[in-house]
């Protein structure tokens, strides 16, 4: 799929997720087969640009793949300024957030709350597109409530404003992440515009990915929560799309390598004083399958030192490997 002059290596995109899709996670998703990874949301409010959190989020240079940066806000001038400063910092695509359903974002009339105001949407899109010389994309939901699905109207407006690709999450703002995503609206949007359409929502495995592409006619898929603790999902899906065959489960040793490598990158990126806190949620996601009783995760979350985290993970996987060998030995002797 092409967005402006950028050719993606495949049709799988890692979704922007606040507090998750930082540089270490984006780099890992890219290595695991994502055709593009979009940055976590950056506020257009200039008052927060100088904070440590924003400073780290605005590091875009020397990153693998196409550097797509998402911005959020409701003031057209602020959004234009945010787009310019991120392009100056290395962004190659600007993505506009009109899909976030979080209350703290919607209270500021940002995210999916904007879908109620098409005129303001139009002003924001024009301002950002005119402000930068890189492609601008848009992420939305199907509407702000089940009885107010206006994604086709917004999609047509976006195309008229110069938006070069549109991502649609298959729920309304009111739905949050409850219930199942629906794809009829995404299919209707695909049939109503000529710009690339990216389907998002509940794409959790290779079979679902194939089904959503076939049903909606979308040009690409955006995967978010399903990649938490499982960044290799991009490789799994791409292999299935290419061959019709499923990859075998990732070996435990490879899970260990990826997890510990990810945690080391988090420690390095945020500093050991903060990195160990960021690492906790990622470890919890990685180990959902291997530590279902939560005992190790509770123990891990009490650790307040980066090096101790790595030691605990090494010991955990060593113990898990021994248990697996004993189980296999007992099975062979039966």
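Positions of Cβ are set from backbone N, Cα and C atoms, glycine also.
Feature annotations, courtesy of Swiss-Prot:
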| type | residues | note |
| --- | --- | --- |
| ACT_SITE | 100 | active site, proton donor |
| BINDING | 16, 17, 18, 70, 139, 200, 201, 202, 224, 225 | FMN binding site |
Worksheet item: What is the interatomic distance between the Cα atoms of the residue listed as 'active site, proton donor' and residue 18 (FMN binding site), given in whole Å?
Response: 10
Practice prompt. Tell me the Cβ contacts of residue 16 (FMN binding site) under 8 Å, same chain only and six or more apart in sequence, or just say none.
Written response: 38, 39, 40, 41, 70, 95, 97, 139
Response to the item:
Here the 10 Å Cβ neighbour count for residue 18 (FMN binding site) comes out at 16
Worksheet entry | Proximal but sequence-remote residues of the same chain as residue 201 (FMN binding site) (Cβ under 8 Å, at least 6 apart) | 169, 170, 171, 181, 183
Worksheet item: What kind of secondary structure is residue 224 (FMN binding site) part of, going by DSSP in three states?
Response: coil
Worksheet item: Taking each of the recorded positions 100, 139, 224 in turn and counting other Cβ atoms within 10 Å of its Cβ, which one has the fewest?
Response: 224
